Amino acid sequence: PKYTIVDKETCIACGACGAAAPDIYDYDEDGIAYVTLDDNQGIVEVPDILIDDMMDAFEGCPTDSIKVADEPFDGDPNKFE
């Protein structure tokens, strides 16, 4: 399984992740990205059909704010750093 979360502290609201993976990432009122699957907690497995989109977003993030892991983040984007 794969999990994803956005580090809102480093996100610059560029819009790249939502363009790459609109079924996973959306934006708050300030344009800061978050994961829609679990309100950015990183605890819901990303469906297999969305893994390619997620990896495109992960690789395309200019600030490395998109985090991906094999275990849940439990709400902490820096859990595995």
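Using the three backbone atoms N, Cα and C, a Cβ is placed for every residue, glycine included.
Features of the protein shown, as given by Swiss-Prot:
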- 2-30: domain '4Fe-4S ferredoxin-type' (DOMAIN)
- C11, C14, C17, C61: [4Fe-4S] cluster binding site (BINDING)
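Structural mapping of features recorded in Swiss-Prot.
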residue	record	contacts (Cβ under 8 Å, 6+ apart)
C11	[4Fe-4S] cluster binding site	I32, A33, T63, S65
C14	[4Fe-4S] cluster binding site	P62, T63
C17	[4Fe-4S] cluster binding site	V6, I24, Y25, A33, A57, G60, C61, I66
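Cβ-based neighbour count (10 Å, all protein chains) for C61 ([4Fe-4S] cluster binding site) stands at 22. When secondary structure is read from DSSP and collapsed to three states, C17 ([4Fe-4S] cluster binding site) falls in the helix class. Sequence-ordered, the extra residues of this chain that approach the [4Fe-4S] cluster site, with Cβ no more than 8 Å from the Cβ center of C11, C14, C17, C61, are V6, I12, A13, G15, A16, Y25, A33, A57, G60, P62, T63, S65, I66. Following the DSSP three-state reduction, the secondary structure of C11 ([4Fe-4S] cluster binding site) is coil. For the domain '4Fe-4S ferredoxin-type' (2-30), the model's average pLDDT works out to 98. C61 ([4Fe-4S] cluster binding site) falls within neither a helix nor a strand when secondary structure is assigned with DSSP, and so counts as coil.
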